[in-house]
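Trainee: My structure is below; once you've seen it, I'll send some questions.
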Amino acid sequence: PFCADVNKQLSDQNNHRTKTGTLIKENMGRIYLEHIGGARLFSCATCYTILTNRNELISTRFTGATGRAFLFKRVVNLTYSEVQDRVMLTGRHMVRDVSCKNCTAKLGWIYEFATEENQRYKEGRVILERALVTESDGFEEHMGDD
Amino acid sequence: MQQQQLQNQQTSANGSETVQQNGTDRTLDTEAARSETQNGVADGDPPPTLTVVQEEMVRLIGQHLTGLGFKKSAELLMSESGCRLDHPAAARFRQCVMDGEWSKAEAALNELRNMLDNPSNQTEMRFLLLEQKYLELLENGQAMEALTCLRSQLTPLQHNMERVHQLSSLMFMSNPEELRVAAGWAGIGNESRQALMDKLQHFLPPAIMLPPHRLETLLLQAVENQRGQCSYHNTGSDTQVLGSGGSLLTDHSCPLQAFPCTMVQCLTDHCDEVWIARFSPDGSKLATGSKDATVIIWDVDPETLTVTRRFTLDGHNFGVVYLAWSPDSTKLIVCLQEEAAELTVWNAEHGDQICKVSNSPDDSLTCAAWHKDSRKFVCGGMRGQFYQCGLEGHILDSWEGVRVQCLAVQNDGKTVLASDTHHRIRGYHFDEVQDHNIIQEDHGIMSFTLDSTGRYALLNVANQGVHLWDLNNRTLVRKFRGLTQGHYTIHSCFGGDNQDFIASGSEETNLYRWIHQYEAYATTVILCTCIGNVSLARSSFPPVFLGCYSNDKNVGIW
């Protein structure tokens, strides 16, 4: 006999997914957060979850809905939307919106596919809008000799 | 009746003949076969031709029968089947050794020389024979003969001279008892001769002489294999071992009922998600920690295997993310969410606070582990704190620059294992300020636990499932797939009497799994469905009693 509700219905309009595409059920437990490390860190402006660092920065010359946006190589602690077809200044792309894994605040998007050859360098990279993240100091991590 | 007796007489007559001829004279065999109408072989039929494997099986059965003392049956079997137990020269050799006829034994050995795998072994075999001869002569008091043996037979072999020197020193032993002890020898008689034979047999290929107790060896291997294949095997409750109630007549398999797979109790006392549950090391208490900022201590009733609430530890300002019982089961460390910047140590017997560790409001102390003495512990978190503390709440030691995700202390009492954000587990020695890498994974290590020996670590690796590592060799022993993990923090644990099992929570709602890891086999057994279960704890008492907890507000006990 089970003594609790089975699956609660998802109330969110946007379905949040993990990187591998699994739909995330709400209220399951303590969210697992990675920490990318580094000297200058970028975090979610809403809940300060660490997302990426200066080392991962590729370009600062992007624009999003809220203004300036940065392109990063690798960003952690994100959830992804369904893939969407968007026409941007630089051409047609397939993108997924990314949100903070911890608080679901919108952060930017990830390029999945670029139709034009000279835009392909963006594939797999993440745009974070400058207004939606905060920068802070990290520290030098102890790596060890071996 | 009379006919039967006649048959039996004929049987024994044939039996003794075949001993000497041992299957070399086929015509006699077929005659014997023809007259054995009672045994199902019709008059005039030749014995059935056997494949190689069938012949080997017959030989093994013959060996087994001989070992049990059924010599006549064995001989009859050999004559009827046309097989032979051992090569006649080998049989002679064995007979000579068992009778103590050393010169004949050496002669027989010479005959076998060409059949040996490695002809140079003959020297070693001769050495063993002569060693036995020498010791027997000594024990018999025939010192002169023993000396002759030593000088003119053993020494010229120039083999294992160390042992020869040892043997010569035994010459002065007058007491047989002392002689035996000094030589490491059982004394004259069947026992030592049989032991000698066993040693000698190793040099003879199986076609010449069967390895001893071969049938029994094979059967035991088969039983071991069955036990290994048993999905629900729990070595403590193993009642089917051969020789202790087990039987060869049926395959071994543990019943599913022996497995904890029904929920016996559901605890609904928490008001919000339960994030962690841990049994005390002595199995007498259970602690559950929740997002509702309370920890409830429960007493375990060993008879009914249910728990009853003892008291609630509250006064925390944030959700409880981790619990660590002291090895003596008297104290509990309660770790809160990162924002709390402190942890509390409680007395689990009386429910009062022992101390708090709160250093700076920017600290994160989300994980902890006790030292063996239950007086010191380590704690740390993702913002880079890694402290060693005492029971007053003071920080005794601190290690810079490590973002700690999970902690454990090794059985050696000084190595602290910490998993960090670089997907690795390192061992830290606070006293010597030394650290070293132990495990490197490719993905984040969400949590890990050690088994009771401290040799194995069970890791929950993000997006990879559960990995079992051997810490001594630093090798990955096994991966348990099929558990999608990555979004929520999941714990797993060892369970069962001999750490036979591991169990892990999973993100797939309505599922939690027991997995059996018995030697070479790992069977995933999806045993039960449980709502939103993401983690487990275990009790150390048999029968296997596992408490699982779910991530809605309830805790299920299995």
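The backbone N, Cα and C atoms fix where each Cβ goes, and this holds for glycine too.
Bear in mind that TrEMBL entries carry predicted annotations, made automatically and left uncurated.
Sharing the feature lines straight out of TrEMBL:
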- B:1-10: compositional bias 'Low complexity' (COMPBIAS)
- B:1-49: region 'Disordered' (REGION)
- B:11-25: compositional bias 'Polar residues' (COMPBIAS)
- B:86-145: domain 'CTLH' (DOMAIN)
- B:267-308: repeat 'WD' (REPEAT)
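Could you place the listed features in the three-dimensional structure?
Mentor: Each residue in the repeat 'WD' (B:267-308) gets a DSSP state, and the totals come to 0 helix, 23 strand, 19 coil.
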Trainee: What is the average pLDDT across the domain 'CTLH' (B:86-145)?
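Mentor: Across the domain 'CTLH' (B:86-145), the average pLDDT comes out at 83.
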Trainee: Please count the residues of the domain 'CTLH' (B:86-145) that DSSP assigns to helix (H, G, I), strand (E, B) and coil.
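Mentor: Looking at the domain 'CTLH' (B:86-145) with DSSP, the answer is 49 helix, 0 strand, 11 coil.
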